[in-house]
Amino acid sequence: MTLSIWRYSHLILAVSSSLFLLVASITGVILSVEPINNKLQPYSISNAEGLSLAETLANINARYDDVISVSQDQNGFVSATVIIDSKNESFYIDPITGDKLGPIIEKAPIYQFATNLHRSLFLKTPGRLFIGLASLLLFFIAVSGIVLIAKRQGGIQRFFSSVVRENYAQYQHVVYSRIVLIPIVILALSGVYLSLLRFQLIPETFITHEIDFDNLQEEPLLDYTNFELLKNTPLSELRDIEYPFSEFVEDYYLIRLKNKEVLLNQYTGAPISEKKYPMVTLASEWATVLHTGQGTILWSIVLGLGSLAVPFLMFTGFAVYFKRPKTNIKNTVPKEKARFVILVGSEGGTTLQYAQLLHSQLLALGKKSYLAMMDDYTTFKSMEHLVVITATYGQGEAPSSAIKFETLLKKHIQKQPYHFSVVGFGSTSYPHFCEFAYETNKLLQTTPKANALIAQVHTVNDRSFEAYTNWATAWGNLVGLNIRLTKPTKLAEKSHKSPFIVLEKTEAQDMIDDTFLLTLKNTNGAQANSGDLLSIVPGSGEQERLYSLGKLDDNIFTISVKRHPEGLCSNYLLQLEKGTTFSASVVANKNFHFPKKAKKTVLIATGTGIGPFLGMIRSNSRKNEIHLYWGGRTEDSLKLYKPFIDNALESGSLTTFIPAYSRTQTEKKYVQHLIKQDGEQIAKVLRKKGCVMICGSIAMQKEVLNELQSICNRYLKKDLSFYQNRKQIKMDCY
Ligand SMILES: Cc1cc2nc3c(=O)[nH]c(=O)nc-3n(C[C@H](O)[C@H](O)[C@H](O)COP(=O)(O)O)c2cc1C
């Protein structure tokens, strides 16, 4: 079944049962306190479990003349019903001394109220039916939830591997449901069972004894303390024992043990009848204990927490659904007439939102653009340009709107030639970054009539609007259109601007490879760490640009900037004078913070990617092992950072610095070559729970990841994803 079917089933089940589940779970939390409260009453006697039934009865009979019955409840509390002054009295007793301990616990009104609401909503039979159905739906919700988590995590074997955080509600929903799913499944199933029992859909069977009254003997007479069964059965096995009603031989001891019922001749102690409880009875008891937690504090707490989690999961689950972008598409141009066809592979709807920006812009430019999902692929008679924009899910799999794309692509061969371009939306936090986009690109390359406009897939990490718009502008140039996408407010992050003062700046004449460093002081104390991003908007109506921050001191940061000849932001930053104040905001990038616990870290960067690492190395006051691999063009390229690196090596905050220069020798050397060369040492870092951090271009990231994968295969016999999931590989590439 496809992911979307599971997701919709999960949602519909949750919506249809939400009110009942809310009532049942809140009352369930209240009811989970009752068994804990009961169990904590002082009626449990240590050492009593070792007593035999014969000893227990002897102790009680010695204290009371007329005993009617002795019982033991789920808490292990022993009670007796005796006649005192011609009146029946029931109370808890000490089975060793026979002392009266206290009155039988009565259900407090709050528990009585909660029980009625929980079982039947005070609606008697219809209420019981609703609650029974809600339990069944809860079971299906839990099962579909398990499937969804397994799919999201990339297989059941990775069920408990770390969850990629996309937003608060989604993260909490997945993390907490993994913890409470098992108790919820048990609660739901036992609830269904108890409802079926109540409606007699599971027939309750009762024990009936056949007694041969004519053959009951009074000889050989034995004292009850010598009855075999009473002597050999421990008290812990007892549920209750009813004494003979009279001295007639036809009256007997009725003994209910945990697994059977026995009738004992009161004179000889011979069993008159012995019957094991039927499976249904035992199953019903188990269902009751599992559902109510009676008799165990630990299970009651688990059930209480499970019940408490239900409203929380409902809340976060609905939040996930309502936060999901709307995905309805309205086309004004019929597909037969469209020159531009944009196909989207999306699951959560964000990719579609981005695609809609391009579609609207094309329409605004008077172009015939048609927007559809990848699974709507068909014959497009006038198509000249196909743009496929797709997310990746699972382990590099298609999102739900692109599952049939491959089949459809082979089925509907276009008559006219056309150009195609593929944009991949994904996240470098997942092991198979944008893999489905790469596969789609490969597929299109072998499709008749399809010609690549841009051979490479353009990847967009973590919905970076900047990365997307860069591609859109480049694509527009190739097709002769001036595409300038503007970030819709709904995609804009809410960030608070702070004033930053320029403390230091590489002078234009000192720039190497068009790169310069800016040292900035934040004057109103916005908190940031190395690896967080500085968002700068170079002019009103312009898109933000993000720069990775290196924290040099409290409120002092550095950014490493590559000037692009036409780059609005890089040129804006370059012309800032020392002492100038400008406005920017900090965007948290928690996944790219220096690891707190790792003793050894490998940092890999090219060009300006070194920026955040400068801050991380500076903060390494504990002198943990840090190895920095850096790729630049020539030795000259290092000039900007050299004083810093030399200083760090001298102070011990950096252990080794290994550069790769691509233009100093005839044979080009890149960081991935260094990684390959030092594979064994890097494997050791990963094995010792150390961390590898990568910052720089996506192209470099791809090569380095390939090398890391080979290192993991060769030295560690594990897939790279194993370390990615443990956050031992951290990346921030652009
Ligand atoms: C369950 C799940 C699995 C994902 N798996 C991958 C993956 O394997 N590779 C990748 O690059 N991105 C992966 N992503 C990230 C998405 O592709 C990315 O967030 C994308 O922007 C989602 O677009 P959509 O909202 O249009 O579906 C995954 C996201 C989720 C929620």
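Yeah, the Cβs are placed from backbone N, Cα and C, and that goes for glycine too.
Here is what TrEMBL says about this protein:
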| type | residues | note |
| --- | --- | --- |
| DOMAIN | 340-480 | domain 'Flavodoxin-like' |
| DOMAIN | 495-595 | domain 'FAD-binding FR-type' |
| TRANSMEM | 12-33 | transmembrane segment |
| TRANSMEM | 129-150 | transmembrane segment |
| TRANSMEM | 175-196 | transmembrane segment |
| TRANSMEM | 297-322 | transmembrane segment |
Distal contacts, the transmembrane segment (129-150) - CB-CB under 8 A, six or more residues away: 1, 3, 6-7, 9-10, 13-14, 16-17, 20-21, 24, 118-121, 123, 156, 159, 174, 177-178, 181, 184-185, 187-189, 191-192, 195-196, 198-199, 310
Residues of the domain 'Flavodoxin-like' (340-480) by DSSP state, where helix covers H, G and I: 54 helix, 36 strand, 51 coil
For the transmembrane segment (12-33), distant same-chain residues with Cβ under 8 A (at least six beyond the ends): 110-111, 114-115, 117-118, 121, 130-131, 133-135, 137-138, 140-141, 144, 187, 191, 292-293, 300-301, 303-304, 306-308, 310-311, 314, 317-318
The domain 'FAD-binding FR-type' (495-595), counted residue by residue under DSSP: helix, strand, coil: 13 helix, 44 strand, 44 coil
